[in-house]
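Have a look at the structure below before the remarks.
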C-alpha cells in the first residue's frame, strides 16, 4: 500500500498553487493523498511567513501534531514553504519533533527527502535558493475543477521595508511565454472556466530577452483561451502601465478587477516603506485605470501602525480609501518581520493598542464603503461564474462576477462551471445574493 500524506496550507494563492505542485510530485513518487491528517502517514505544513499571525497559526497546528506524533509511531512531520526558508535550521530547535524542512525552491527533491527520513536519516534542512526554478514541466494536481491558479513568475526584487518575500522566495524569475500559453490552452481544453495568473509581483513578468512584458503576456493568454476568464494577482502600483490597463479594458475575457496594494495613504509612510511611489502617483494610476476600464473593481492591502506612523499619516490612509472607493481590502496592523529593512533600521514605536485602534477604523470605513457599493448592485443583472455549492445550503450555488464580487444564488438546475445571469436582490458588505434568470452559458 502506498504511504499517504496530508497537507495543511497557509497563506497566499501562491502557497495554494505550490501545494498542488507538491501533491503532484508526491503522487508521481508513489505517495497517495489522505482524506485527513488522522489517517496520513505523513503530515506537511505549507507555511507563510509574511505576517506573524500566519506563523502563529502554523505553530498552533504543529503543537497539535506534536501530541499526535507521540501517539503514532512512524508519523512523519515536515515543514514546507516560506517559514523554513525564513527561519531555517532554528525551526529544529523550536520544534524538535519535525523531521525535515523544505524551502519553496526544493520541492522536486521531496520524495527522496521523505524516503530518507522514513529509512531513519537524521533531520535535515533543504533550503537552497534556485533562481531558475519555476516548476516547469510539473502538472499540478488541482483541487478545483472550475477555477485554478497558474504561477507565471516567482520571487520579488522590490525589497519593500516591511516584507520578507525577497528573503523567502528569492529574486524574480518568469515562466517562458510559450509555456504559459500552452498551459493556459491546456486548462481551457480540460474544461476550466477561469485561471488566475500568479506572481509575488506578477506585473513585472517579462520574457527571457525582455522583449515582452506582462501586458503582452496577458493579451496572449486572453487569445489563447478565449472561453476562459483570466485574472491576475498581485500587482505593484509602480508596474501598472497604461498598456497593461488598455489590454484589460479591451479584451472581453480579462476580468475587470485589479488588486493594487497601497499599504498606506501617506507619502511619508510610502517612502519609509520603500514602495517606490507617492500618494499622488498612486491616485494618478487609479484615475487612469478607472478611465480605461469603466466599472472596474479595485481592491487593496492596507497596513495600520507601521513604524513612526502618526495620526496625520493614518488620516491620510482613511482619506485615500475614500478617494479610491475600494471594493474590498485586506487589512492588518504592522508586525515586525526579522530580516527586513524595517526591522533593522526603523523603530516599531506605535503602541499595539494604537495599531489595533487604527486598524479598526480602517476596517469600519472599508466595511461601510463595501456595503454602500454592494447595495448599489441591487436590481442589476450580473454574470456569475458558479464555482461551488454554497456552504450554507445545498439549494444554493456560490460564484463570482468578473469584478470578483461573491454572489450566492438559487441553484435551480445550474452546476459549478456554468456562467449564470443573476439578478441581485440583496447585499451585505461582503456578499451579493440573487436569483438566476436564464439558461447557463457553458460552451
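Don't overthink the numbers, they just go from 1 along the chain as shown.
Each Cβ is built from the backbone N, Cα and C atoms, and glycine gets one as well.
Taken from Swiss-Prot, the feature domain 'MTTase N-terminal' applies to 3-119. Positions annotated as [4Fe-4S] cluster 1 binding site by Swiss-Prot, on the basis of sequence analysis: 12, 48, 82. As annotated by Swiss-Prot, domain 'Radical SAM core' applies to 142-372. The [4Fe-4S] cluster 2 binding site annotation in Swiss-Prot covers 156, 160, 163. Summarising the annotation, Swiss-Prot assigns domain 'TRAM' to 375-438 and lists sequence analysis as the type of evidence.
When pLDDT values are averaged over the domain 'TRAM' (375-438), the model yields 96. When the binding-site residues 156, 160, 163 are screened for a Cα within 10 A of the Cα of residue 12 ([4Fe-4S] cluster 1 binding site), none qualifies.
Within 8 Å of the centroid of the Cβ atoms of 12, 48, 82, where the record puts [4Fe-4S] cluster 1, the same chain has further Cβ atoms from 10, 11, 14, 15, 47, 49, 50, 54, 81, 168.
Taken through DSSP, the domain 'TRAM' (375-438) splits into 1 helix, 33 strand, 30 coil. Set side by side, the binding-site residues 12, 48, 82, 160 differ in how many other CB atoms lie within 10 angstroms of their CB, and the most is found at 82.
According to DSSP, residue 82 ([4Fe-4S] cluster 1 binding site) is assigned to a helical segment. Cα to Cα, residue 163 ([4Fe-4S] cluster 2 binding site) and residue 48 ([4Fe-4S] cluster 1 binding site) are separated by 12 Å. With every protein chain in view, the residue among the binding-site residues 156, 163 whose Cβ has the most Cβ partners within 10 Å turns out to be 156.
In this structure, the CA atom of residue 82 ([4Fe-4S] cluster 1 binding site) is 13 Å away from the CA atom of residue 156 ([4Fe-4S] cluster 2 binding site). Taken residue by residue, the domain 'MTTase N-terminal' (3-119) breaks down under DSSP into 62 helix, 23 strand, 32 coil. Residue 156 ([4Fe-4S] cluster 2 binding site) falls within neither a helix nor a strand when secondary structure is assigned with DSSP, and so counts as coil.
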